[in-house]
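To start, the structure itself, in structure tokens.
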Amino acid sequence: MEASAGLVAGSHNRNELVLIRGHEEPKPLKALNGQVCEICGDEIGLTVDGDLFVACNECGFPVCRPCYEYERREGTQLCPQCKTRYKRLKGSPRVEGDDDEEDVDDIEHEFNIDDEQNQKQQQQPQQNKHITEAMLYGKMSYGRGPEDEDSSPPQFPPIITSARSRQVSGEFPISNGHNLGEISSSLHKRVHPYPVSEPGSGRWDEKRDGVVWKERVEEYKSKQSLLGGEPDDDPDMSIMDEARQPLSRKVSIASSKINPYRMVIVIRLVVLGFFLRYRILNPVHDAIGLWLTSVICEIWFAFSWILDQFPKWFPIDRETYLDRLSLRYEREGEPSMLSAVDLFVSTVDPLKEPPLVTANTVLSILAVDYPVDKVSCYVSDDGASMLTFESLSETAEFARKWVPFCKKFNIEPRAPEMYFSQKVDYLKDKVQPTFVKERRAMKREYEEFKVRINALVAKAMKVPPEGWIMQDGTPWPGNNTRDHPGMIQVFLGHSGGHDTEGNELPRLVYVSREKRPGFHHHKKAGAMNALVRVSAVLTNAPFMLNLDCDHYINNSKAIREAMCFLMDPQTGRKVCYVQFPQRFDGIDKHDRYANRNTVFFDINMKGLDGIQGPVYVGTGCVFRRQALYGYNPPKGPKRPKMVSCDCCPCFGRRKKLNKSKGGSNEQAADGGFDDDDKELLMSQMNFDRRFGQSAAFVTSTLMEEGGVPPSSSPAALLKEAIHVISCGYEDKTEWGSELGWIYGSITEDILTGFKMHCRGWRSIYCMPKRPAFKGSAPINLSDRLNQVLRWALGSVEIFFSRHSPVWYGYKNGHLKWLERFAYVNTTIYPFTALPLLAYCTLPAVCLLSGKFIMPTISTFASLFFIALFISIFATGILELRWSGVSIEEWWRNEQFWVIGGVSAHLFAVIQGLLKVLAGIDTNFTVTSKATDDEDEFGELYAFKWTTLLIPPTTLLIINLVGVVAGISDAINNGYQSWGPLFGKLFFSFWVIVHLYPFLKGLMGRQNRTPTIVVIWSVLLASIFSLLWVRIDPFVMKTKGPDVKQCGINC
């Protein structure tokens, strides 16, 4: 793939494809491809003899072999142009209606198969013959490459699509005993197998005996002598033994920390049971409504606590060994054997997501500490903005200078904005005398780069009436953001993608999927699925890392950290993704609104890692591509069935082995097919229904180790890439329901991870000492509440969908129960807003009415309350002890749980119910990543009006009014009324203290609250207070005489 070859724009549905170069006229890309099929638009291809494939000998209508085979097998068997019946060509299977052939059928001699394989096929029983014929049919129907006519083993042609093409495998064997994997679709194009160099193979041993290996052995011996130790008899075996060690280790929490924690959880559960029993059996008869409301709320809180607490029963830590990873997969003097990784960056609106922020993320990716030929960065511009396109072009040019600087001096982090803004001594531990000079020069280069980016942003503020025009005078294809073709531009690649020192740079690709009116594009989830397909066609790395545009790589070895789990030969094959914690920059010291979310990332996620793995949180996650394709994890060896005699029927039945069954087992061992293979072949015809109508993409899904499928030219690859991002590609497929990012919720991350766990995959939580990724978080109160609203609304949507963890995923039984508890908790936590709102209102009601939610407590009953409070505090303290979270972070999390619960979660429940019941949809709002450069925390004090502020403000005011009214009433009624007042005041102060950060946010820096907030809050609080005064005033009512008994003159 050549870099800077031009912008490719087109629509597969409209049969449009245009190449827009820098200063040239638009040229149709079809001219670069040769003759193409008039049905699917693919290349015609060649026959087995090397000639151009001709389907119809009467009119020569251009049709490729797959369309020809499909028309003969399932269609009308007629040429679309002359309506002549298609004749059977060499290499094609027979169908009903073909003429009989008197000579030997050429199917048996058309492909070169070893005599030994032919003998094995002849030895197979009659019951397996149809399977072999089906395999041959699959090969002959879709094979396009030329075959040799002699009887020697087939010589596979080299892959010509890219210099970075990996060795690939994936073609079905003719008759061998290899594991075919779990494939549920049909082949459309041929995939040639290539041998992979593995330890123990001839290629590996040959390299090990080379000069480089001997030099490493000598170096190892010299190090041993310098250390004063005796060299081993076989030092190369010592290095090999180290390389064979596990790449990671599970570290359990110390028993002195975790056992008391578990004991307190059990004690708290028992105490909670006694407490609820007491509350239910002791009603308050003069305030039955308040009592019943409080009991219902407390039962819900107990249920929610159980769902949240027990998934934290098995917390663990993990360690990685990067040196072992290098020893195993990066041998000196040899090509790196590390797996390739495709990195995805998604952006929508460049005005809310500044291009400079996205540029820093892309630069940190291009400078990552990983082999450059294994890294490809794809940027999804879902807004089709020319500003994003031009900014990415500037970023690619600046990367030619920035990447070699980062790798030369090994700097961290490798996002220039964050690196140059560090308030540290950059001369520390730098011994190169040229470092100071080059750092100053690079900083000047970056400042000039920022000026160019800011100039593009200023230019984009005013859109021309005729729309944006590119440099060559061509109108920008994305002028209409809701109706535009798909666009792909390769900015950096192996051809033309070199830095200033001549070294190769990772591939950088701009992608904007096609959008047309009348199609549902599924927002971010749809954009991510488009990137999955584009990357599969162009690079097809076996692993993928997705990042938000504001999350840069803070640790250049982050990908290596993930590979320690995904490439571990012992446990890696069952890992679907590795999730990293989210860390943030630019948050105030006290983290007023719990933006760091430390309790979730450092406590809850560690607990889930000890069960079946953490949930997917939307960014900073390295996926296994096969897991996203809906495949199941590889199965381990099955346990042998119990065999016993017939003397006791309770211990099983005797296993009877008849000849036919034994024979079938032997044949399977010799290369025959078992029941799983039969199911495999029966499901091969569903590839297009599952993955879509792209032959190149379908072929790539079969390559577990990645690699680009064979293709004729880079132009054909780009054309196929435009096809897979067309707006109608996902119609009548399983994309969004079983494959890729799952649709149905604005929080697609939870659904995607949940589906993988239901299939039996497990995930890993990786927390390196240096945070892998860092991003920005909305520190403003209104933005923070809107962000929480979006998350909570997504959880409500999942709860009412068919993928709800409450009822989905029981069929296979792969999801563990504690993992299910965690997923259920992620979907029902917004509903806690209803009891929480009622519970926070009860203190004010009690103070204004003079009643309480509990009866007079005896000495014995007070023990339940004391024990409950002690267990709550003990659980929190012990949780902080094993997790390392500070008490301030824990308290901020508790405060924002109340603030978000009575505001964002409440509105999420209402909007979710409206969407489910009335079909009223809500719009997704992108969180703004723009910051104020003049004041680091100026955004913290900025006020933005939103209706989310009304409920917590109202709760604050009515509780303050209740406190004043309660104290005034106690003063008027004397000393005896102070006793019951303390319980009510404690209850009310609990609400006020939790809402205190919200109150500070309302006041802002000038301690001034906007008028509209004051009006609404005072109005609601006044109505509520006056209503209760009218029902139950504070002054005692004077009772006059009974006129019926005493008379009117009494």
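Backbone N, Cα and C atoms are what each Cβ position is placed from, and that goes for glycine too.
TrEMBL entries are annotated by machine, without manual review.
What TrEMBL lists as active site is Asp382 (among others). Listed in sequence order, Ser346, Thr347, Val348, Ser512, Arg513, Lys523, Lys524, Ala527 are the same-chain residues at least 6 apart in sequence whose CB falls under 8 Å from the CB of Asp382 (active site).
The Cβ of Asp749 (active site) lies under 8 Å from the Cβ of Val615, Tyr616, Val617, Gly618, Trp741, each of these being in the same chain and 6 or more residues away along the sequence. Feature annotation from TrEMBL assigns active site to Asp749 (among others).
If you look up TrEMBL, you'll see Ser346, Lys352, Glu353, Asp382, Lys523 marked as UDP-alpha-D-glucose binding site.
Under the heading Mn(2+) binding site, TrEMBL lists Lys524, Asp548. Here the Cβ of Asp548 (Mn(2+) binding site) has 24 other Cβ atoms within 10 Å, regardless of which shown protein chain they belong to.
Look at TrEMBL and you will find 37-83 tagged as domain 'RING-type'.
According to TrEMBL, the feature transmembrane segment maps to 258-276 (among others).
Taking Cβ pairs closer than 8 Å, the transmembrane segment (288-307) reaches residues 269, 272, 276, 279-280, 821-822, 824-825, 828-829, 832, 835-836, 838-839, 842, 845-846, 849, 851-854 in its own chain, all 6 or more past its ends. Feature annotation from TrEMBL assigns transmembrane segment to 288-307 (among others).
Long-range contacts of the transmembrane segment (828-848) within the same chain: residues 290, 293-294, 296-297, 300-301, 304, 307, 792-793, 795-796, 799, 806, 898, 901-902, 905-906, 908-909, 912, 951, 955, 958-959, 961-963, 965-966, 984-985, 987-988, 990-991, 1024-1025, 1028-1029, 1032, each at least 6 residues beyond the stretch ends and with a Cβ under 8 Å from a Cβ of the stretch. Annotated transmembrane segment per TrEMBL: 828-848 (among others), in sequence order.
Residues annotated as transmembrane segment in TrEMBL: 860-878 (among others).
Under the heading transmembrane segment, TrEMBL lists 898-920 (among others).
Look at TrEMBL and you will find 941-961 (among others) tagged as transmembrane segment.
As annotated by TrEMBL, transmembrane segment applies to 981-999 (among others).
What TrEMBL records for 1011-1031 (among others) is transmembrane segment.
The two recorded residues, Glu353 (UDP-alpha-D-glucose binding site) and Asp548 (Mn(2+) binding site), have Cα atoms 10 Å apart.
Here the binding-site residues are Lys352, Lys523, Lys524, and the one with the most other Cβ atoms within 10 Å of its Cβ is Lys524. Same-chain residues lying 6+ beyond the ends of the transmembrane segment (898-920) with a Cβ under 8 Å from its Cβ atoms: 593, 785-786, 788-789, 792-793, 795-797, 799-800, 829-834, 836-837, 840, 947-949, 951-952, 955, 991, 994-995, 997-998. The record assigns Ser346, Lys352, Glu353, Asp382, Lys523 to the UDP-alpha-D-glucose binding site, and the maximum Cα to Cα distance across that set is 16 Å. Of all Cβ atoms in the shown protein chains, 25 besides its own fall within 10 Å of the Cβ of Glu353 (UDP-alpha-D-glucose binding site). Per DSSP, the secondary structure of the domain 'RING-type' (37-83) breaks down as 10 helix, 4 strand, 33 coil.
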